[in-house]
Amino acid sequence: AASALGAILAVLASLIITANALVIIVLLCLIQKSGSKGLYFVLNLAVADAMVGFTVVGLVRDEFSQPFYPPQIFCVLRMAFVTSSSAASILSLILVACDRHLAIRKPFHYFQRVTGLRVGVRLVGLWLVAAIIGFLPVLMPVFQKVSTHEKCSFFRVFHPAYMLAVFCVGFFPALFLFVYLYCDMLKIASVHVQQIREVEHAGLAGGCPPSRTTSDMKAMRTVAVLIGCFTLSWLPFFIASIVQTVCPECFPYKVIENYLWLLGLCNSFLNPLLYSYWQKDVRLQLSQLAAGVKRRVL
């Protein structure tokens, strides 16, 4: 069972790292061409997801090294890095959603508000918050759970109070914020559609295509797909973990760690695929990159 789980983790880690590395290269090329500051949030999301893949590599080694009973501090640090990377990925999704929301709500003030300094401050703050969330048990040993002769896992090294705080203070507010941003973008896009229809009905449109509405709908669709995948990937793990934290005998923790957590990790693999498919600029740049590599090889 440990070897099978290790093989699954190895394949998933390879896919996460490869997919996000390609997206990082493409985004760096796009940023160099366009200079768009909003792409830095997407780039940060890809970097965070790639770090999730690298942290999983360490867990793969643990699975193939069974029986492996590392020291307590080793497990705490290992799971702290995993938690920090996952938190950075979730926080990056929030920044991407907020950036798209600002672009739709304040289109004429977007470039004045999204400056290089503000983007840098937000990204630095994001990683500080993610590090605090992940390494809080290291800074405050009261959140550690003493365990011996067990492999590294969330429920073996983290206190239930810490797990409950992370879930209730971190995950669910992020989910509610996602839903609010999506509903607000839907309302704004509906207003734009209604205004354009009124102008067309009055005969003042002149046959111009509703490009702004099309852009709004594309941005809203991208955020909606990200929210859906994020919810489907992480919600089962967080709900089961809360039940496990409150009632340790009500739910087998191995199911959570061996299956539901893997489902959550898949979100770090889906994010670059979604952006590669939904974002036209990313698709075109990826096609150009593939064509350039093909010419060099042939």
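Yeah, the Cβs are placed from backbone N, Cα and C, and that goes for glycine too.
According to TrEMBL, the protein carries these features:
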DOMAIN    19-275  domain 'G-protein coupled receptors family 1 profile'
TRANSMEM  6-31  transmembrane segment
TRANSMEM  38-60  transmembrane segment
TRANSMEM  80-98  transmembrane segment
TRANSMEM  119-140  transmembrane segment
TRANSMEM  160-183  transmembrane segment
TRANSMEM  219-239  transmembrane segment
TRANSMEM  259-278  transmembrane segment
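Looking at which of 38-60, 160-183, 259-278 has the most CB pairs under 8 Å to the transmembrane segment (119-140), the answer is the stretch 38-60. Below 8 angstroms of C-beta separation, residues 8-9, 12, 15-16, 19-20, 22-23, 26, 42, 45-46, 48-49, 52-53, 56, 86, 89, 93, 154, 218, 221-222, 225-226, 229-230, 232-234, 236-237, 240-241, 286 of the same chain, each at least six residues beyond the ends of the transmembrane segment (259-278), sit close to that stretch. The average per-residue pLDDT of the prediction over the domain 'G-protein coupled receptors family 1 profile' (19-275) is 78, rounded to a whole number.
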